[in-house]
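Here is the structure we will look at, set down as structure tokens.
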Ligand code: BDP
């Protein structure tokens, strides 16, 4: 111990007497091993940062943390120290102790060579860890068994601290550790589709957490908890406002508010970004045009960028939805997406900012095949974007459906860094009440092989930059966060936020492992909880695919709000906003012919992939009706005709939900009552709605196919007209 004296932390406190130090050792020591999980009522606010003692079930676990050294000079260091104190105190079940009492040496040593002479002395190899990476190493420091978290920069140490807390929470031993972690993707951001009046587009968790009206005077402590949660999973940025942007966010009044939020998030390694409305120079700048080649417009954006950065020096940059679904953009002036993106990129470049330019575009004229449009518009622009532009591409070519093949743009623009856009919120997967764990969806897309440079050219390797040698890389998740006490609208929806962050950090993680990790931290380490809950989660997304429309069906939900079934939706302003456009069912068959004989969307994929998708016999059955129009009696691998198979999938989906519900009921008493009850209630809603989806879809498609139901299958209880007549004018998403 004496050797540690010089390490008295920068808080400048005096060394505590030996007896007190011993007491602290006990405080963070043995108690970590003991105690059964307490089943106190919980409302979900703590997310996966509950820091509940891992419990007797994991008695193999940690030898405990005897003492903590984490220097607390800079804001990031302070955040790190606070989190460790909070976590270690809660995990040990000890009464809270003051900040200064735990800044002593031993046990857990966290920092950088610059912040900690002791870490510097260890001489650990930190090469290749970059700014955000870290090492966790079991070592003997001054005669004490110590877990060392070492990084090049403070933010790396913060991430490493969260890693240690995760190990403790999941009941893993802090022994023989030699962990190297670096994020594979540089820009890992949430996209909030939040309006300035706090309405959240496609949000199912209450209002926006950004309390614009009371900012900057009132800094809701919730912003810090938001930042903690994000930092714990490595999310390093957030776009505060909706891609359907309001130019007002760029006015001085709002920029002050933005800077205030940025100040709250900065200590947790998070940057703030804004969605920019392309016509802002006209709307708030008084210019007559927003033409990106107009010198006055260019000047306006440069001045605006200077103003933003003066208030917020590490502002991340702009996200832009242009010439899509009625949004203004460079094409309004006969210019290209690259012209628009480059103008904004030039404005933020002097400040180190980036532009994330969305590829979710489809023209206002009636399209041949909407799935082809983004590729057609963007591929010719490859190589023409500035270095600080990322093109942000949704995971699939239509729109966040329960299942889509990977977007053909991935791999098709090698000279341009493409960033992934996933949806965390469940616009098409049952809003907040349906349990649908989306990590298997993310994983399926990330693992998909574009084959553009031969086998192994996965989507993950496109977006992590390794396939084409890009250093600027990114991934975005459309947030499911709101003012609800549990943040995400449902307890299980928290897992989608969590999984997004974990996969953004390392796209090779397995969704099952992430589910287990999350379950342990969120509910319990008890294997009698972890196994069934992970089982439910892993089955859940496929269940949604089954009961909403399997085998490659897509875009068959209610119009506008996207709530519930609507395979009959037709007419209206444009064909590609209807279900019949996408499923093309008629008396002879069903499916969208995207083969070379049809819309030829298959040719947007690299030849080996195109060959497969073009061939009805080789197309994976989950994408059959995405790429092929086939007769109702098309033979499936099961030996059944397509019609029977489709009907049975609807039934299978409902059956999986029934099983999930029974599994959850069996966990009564092992999960705190408050959360258990809400999940149970939501599963009941899900079962009813899965049944509704199944009944309505079968009623509709049977009216088209004219075929009898397979033997033993129950007919829908109501005639088709009943389902078609249902209306939900106030469902979330119906207005604004
Ligand atoms: C669709 C949503 C719509 C979004 C749009 C987008 O229904 O609310 O504005 O995508 O991503 O999924 O721009």
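Quick reminder: no glycine exception, Cβ is built from N, Cα and C everywhere.
Just so it is clear, the model here is predicted, and its values are computed rather than measured.
Per TrEMBL, the features are as follows:
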- 325: active site, proton donor (ACT_SITE)
- 399: active site, proton acceptor (ACT_SITE)
- 427: active site, proton acceptor (ACT_SITE)
- 47-163: domain 'Alpha glucuronidase N-terminal' (DOMAIN)
- 168-487: domain 'Glycosyl hydrolase family 67 catalytic' (DOMAIN)
- 489-712: domain 'Glycosyl hydrolase family 67 C-terminal' (DOMAIN)
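When each of the active-site residues 325, 399, 427 is scored by how many other Cβ atoms sit within 10 Å of its Cβ, 325 comes out lowest. Between the CA atoms of residue 399 (active site, proton acceptor) and the residue listed as 'active site, proton donor' there is a gap of 13 Å, rounded to the nearest whole number.
The predicted model assigns the domain 'Glycosyl hydrolase family 67 catalytic' (168-487) a mean pLDDT of 97. For the pair residue 427 (active site, proton acceptor) and residue 325 (active site, proton donor), the C-alpha distance works out to 17 angstrom.
In the three-state DSSP scheme, residue 427 (active site, proton acceptor) falls into the coil class. Reduced to three states, the DSSP call for residue 325 (active site, proton donor) is coil.
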